[in-house]
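Student: So Swiss-Prot says this about it:
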TRANSIT   1-27  transit peptide
REGION    28-455  region 'Lysine-ketoglutarate reductase'
MOD_RES   LYS56  N6-acetyllysine
MOD_RES   LYS93  N6-succinyllysine
MOD_RES   LYS93  N6-acetyllysine
MOD_RES   LYS138  N6-succinyllysine
MOD_RES   LYS286  N6-acetyllysine
MOD_RES   LYS286  N6-succinyllysine
MOD_RES   LYS458  N6-succinyllysine
REGION    477-926  region 'Saccharopine dehydrogenase'
BINDING   SER488, ASP512, GLN516, LEU554, ALA576, SER577, LEU603, ASP604, PRO605  NAD(+) binding site
MOD_RES   LYS523  N6-acetyllysine
MOD_RES   LYS535  N6-acetyllysine
BINDING   SER577, TYR578, ASP604, ARG703, THR724, LEU725, ARG726  L-saccharopine binding site
MOD_RES   LYS584  N6-succinyllysine
MOD_RES   LYS707  N6-acetyllysine
MOD_RES   LYS761  N6-acetyllysine
Amino acid sequence: MLRVSRTKLGRLSPSLSRGLHHKAVMALRREDVNAWERRAPLAPRHVKGITNLGYKVLIQPSNRRAIHDKEYVKAGGILQEDISEACLILGVKRPPEEKLMPKKTYAFFSHTIKAQEANMGLLDEILKQEIRLIDYEKMVDHRGIRVVAFGQWAGVAGIINILHGMGLRLLALGHHTPFMHIGMAHNYRNSGQAVQAVRDAGYEISLGLMPKSIGPLTFVFTGTGNVSKGAQEIFNELPCEYVEPHELKEVSQNGDLRKVYGTVLSRHHHLVRKTDGVYDPVEYDKYPERYISRFNTDIAPYTTCLINGIYWEQNTPRLLTRQDAQSLLAPGKSPVAGVEGCPALPHKLVAICDISADTGGSIEFMTECTTIERPFCMYDADQHIIHDSVEGSGILMCSIDNLPAQLPIESTEYFGDMLYPYVEEMILSDATQPLESQNFSPVVRDAVIASNGMLSNKYKYIQKLRENREHAQSLSMGTKKKVLVLGSGYVSEPVLEYLLRDDSIEITVGSDMKNQIEQLGKKYNINPVSLHVGKQEEKLSSLVATQDLVISLLPYVLHPLVAKACIASKVNMITASYITPALKELEKSVEDAGITVIGELGLDPGLDHMLAMETIDKAKEVGATIESYVSYCGGLPAPECSDNPLRYKFSWSPVGVLMNIMQPATYLLNGKVVNAVGGVSFLDSVTPMDYFPGLNLEGYPNRDSTKYAEIYGIPSAHTLLRGTLRYKGYAKALSGFVKLGLINRDAFPALQPDANPLTWKELLCDLVGISSSSKCDVLKEAVFKKLGGDTTQLEALEWLGLLGDEQVPQAESLVDALSKHLAVKLSYGPGEKDMIVMRDSFGIRHPSGHLENKTIDLVVYGDVNGFSAMAKTVGLPTAMAAKMLLDGEIQAKGLMGPFSKEIYGPILERIKAEGIMYTTQSTIKL
């Protein structure tokens, strides 16, 4: 059984008893804060001691209280609903504000001493009703040590819970352990039953029944107070050995599997001065900001389970930050080799029991408490999300804020033993009289938070804390995060919509498209600014200087100009486009400025990178290698909207799409570098796709794929290809344009503004070398011959009106004129939708020799009268990365793409909430 000291009950302070007041009445109110609160501040034997002194004790009826009402009645208590007769009302947790009675003395845990915002309404009501509030938390002795607390039982319940949770988590990771037979603390009638279950588990451990592949288990206890001691009482029932913190590394790797290892951590074990690595306790108490914690590097990497019982104070180092968690969850080389049925742990740190329940405190990523009914959650540091399942990636977390309620009878008796010596002086409290007139001991007097309608002198600081917080809140409301979005095209809307969900973000949109920014200004709460980035560099610089972040949705050729302005003003930057050589040249300047510039955050490039890196990183975690990677992606009209010769439609300028087929491409195929020539040989590189057969797709290679062996970290790949998807027939139709010379960026004087207008018929006559006055039949015959006798290509030209009398748009070049024409002919009509299709294929060679063929499919449709599929899949990942930068989720500095888990992890999770879903499928070849 637990070694819990009990106070011998007898008469209370004689001096107080001699002053017995015949009207002094005490009441135990029932707890109503939540369904699990079954404790009371006093047990029946304490009530008996009080009634024996002649005091009247009222007991408010409660079927929820763990100790039955009749036990209190036997002890002399009077069971009744109305407790208004009492001058002292005792409880454990706060009462509802509407149930407070004026000019009474109340004692409970108020959680007001830090000006906790959630309880300031309660404090205001206490002041209004001139209630005297005694807070158990502030009942301390002359050394400042609490004399009334449930801490030991929080430690007891907490470690029982986390042992149960570890059993579940280890099972999810593929391991049955003796911890499976330990239940939650409240499943036991008393701690003795729980201790027996722990002993049984310990017996199995001592027999060597722990899985070998998980290695020795280590438990780290922070703090030396009652919480830590209570947890250690239970831990000691296991076959345990305590070691010094510096010995953890050795035992975590080479320890005896027939025992578990524990270490008790004090400040001097992990806190060091930043300048010289020394710990000075006196200096630390005065200047904690001069110190850092080495817990993340010296202790945590060798910890299986952390039992945290310390609170975090401002300016003190945290035990673990989110970045620490990312590092700790990175797969390391296990000292024990695992096999498929007996895997090694993905990382050493399996679980954290944060008994302090201090949200956002010493464990930074513990941002919300768990509950007795839902005791566990998993923190996935890569994606920075918390989920309820014990499966998947992450650290198991247990952070229940009312742990002693799980062992309510023993907690009540333990707490009552400590409170009992002070009860009589509290009974004699008369809240109608000045506090100074009361004959209180220092322990009780110093715990009075409020009396006679005002805060006690010792706690007047609470009002100052409230004022400071309110001032800070008003400042934060007035200080918004400023974002400059450059560009007002179709991608900008989902970016604006996503970011403006956060009221603390203020967006300025800069564009030279007056109509577009005016429309955006009507729809969204933005500051529209007329700006031509290429021609107004000074205006761009002044705008950038006032921002926290710049998002460039401009053509890629303008990104270096924007980046230079960001570097000069040390402002972070985001873009969806490729990191071009011109942008890459600024890498050193970006690093020197200490800013973050992230590119390739859209769809392709963007989501394709993220899906690839997630798969590659997971393969590496299990020791597999990537033998092949093929990725095709395309933005297309929905099938029902593809009824034109190109099987394609444009939602933005077609120039980039048209010029793409003129560019050469390089890829790796079965170990050989293949150079695909663009232009007239473009069709030679087009391949029919055998997936999604109902879509009848074709694809062709895009840009230089070979460089991704280094970017993705897959030098083992013998095949690397990234390409573009289109409906079958697209390539052939565009090949006709190439044959005629229409896809040409050279200046064409006949289309300049000062030239005479031309019709398409006249232009085509010129291109095929016949008189502009030739009849249509003659032109068709000449064009047909130029096309090599391809009827399909000729019909495409006719359908598009390129052999008729429609005027050619004025333009700098032939391709610009064709682009303007197609933008009108092949634009999306009302109610028409687009779609994007992506297929990533991987060949993954596992250590066993098996080859896994894995595919990832992403298919997204546009919304009728809403965002297009392309706008969503480009804009939303870009906006998410922007929000992550603003919120401090991305800490890395420099020029980068979305290749790290810090970036791609959260985005791949968050796009699902926006309806962007991808599916995976794998087959294994022996």
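Cβ coordinates come from backbone N, Cα and C, glycine included.
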Student: Given a separation of at least six residues and a C-beta threshold under 8 Å, show me what packs close to ALA576 (NAD(+) binding site) in the same chain.
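Tutor: Looking at Cβ-Cβ distances below 8 Å from ALA576 (NAD(+) binding site), excluding near sequence neighbours, one finds VAL491, LEU553, GLY599, GLU600, LEU601, GLY602, LEU603, GLY606, VAL874, GLY875, PRO877, THR878.
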Student: Counting across all protein chains shown, how many other Cβ atoms sit within 10 Å of the Cβ of ASP604 (L-saccharopine binding site)?
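Tutor: Around the Cβ of ASP604 (L-saccharopine binding site), 25 other Cβ atoms lie within 10 Å.
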Student: Just counting, how many other CB atoms are there within 10 A of the CB of LYS138 (N6-succinyllysine)?
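Tutor: A 10 Å sphere around the Cβ of LYS138 (N6-succinyllysine) contains 20 other Cβ atoms.
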Student: Closest of the recorded positions to THR724 (L-saccharopine binding site), Cα to Cα, picking from LYS56, SER488, LYS535, PRO605, LYS707?
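Tutor: With Cα distances computed to THR724 (L-saccharopine binding site), the winner among LYS56, SER488, LYS535, PRO605, LYS707 is PRO605.
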Student: Have a look around LEU725 (L-saccharopine binding site) and count the other CB atoms within 10 A of its CB, chains all included.
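Tutor: For LEU725 (L-saccharopine binding site), the 10 Å Cβ neighbour count is 24.
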Student: Of the recorded positions LYS535, TYR578, ASP604, LYS707, ARG726, which sits closest to LYS286 (N6-acetyllysine) by Cα distance?
Tutor: TYR578
Student: Please work out the mean pLDDT for the residues of the region 'Saccharopine dehydrogenase' (477-926).
Tutor: 91
Student: Of the recorded positions listed here (LYS56, LYS458, SER488, GLN516, LYS761), which is spatially closest to LEU725 (L-saccharopine binding site) when Cα positions are compared?
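Tutor: Spatially nearest to LEU725 (L-saccharopine binding site) by Cα position is SER488.
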Student: Could you say which of the modified residues LYS56, LYS535, LYS707 has its Cβ with the most other Cβ atoms inside 10 Å?
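Tutor: Per the Cβ count within 10 Å, the most buried is LYS56.
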Student: Where's the emptiest Cβ shell within 10 Å among the modified residues LYS93, LYS458?
Tutor: LYS458
Student: Based on Cα coordinates, which of the following recorded positions are within 10 Å of TYR578 (L-saccharopine binding site): LYS93, LYS138, PRO605, LYS761?
Tutor: PRO605
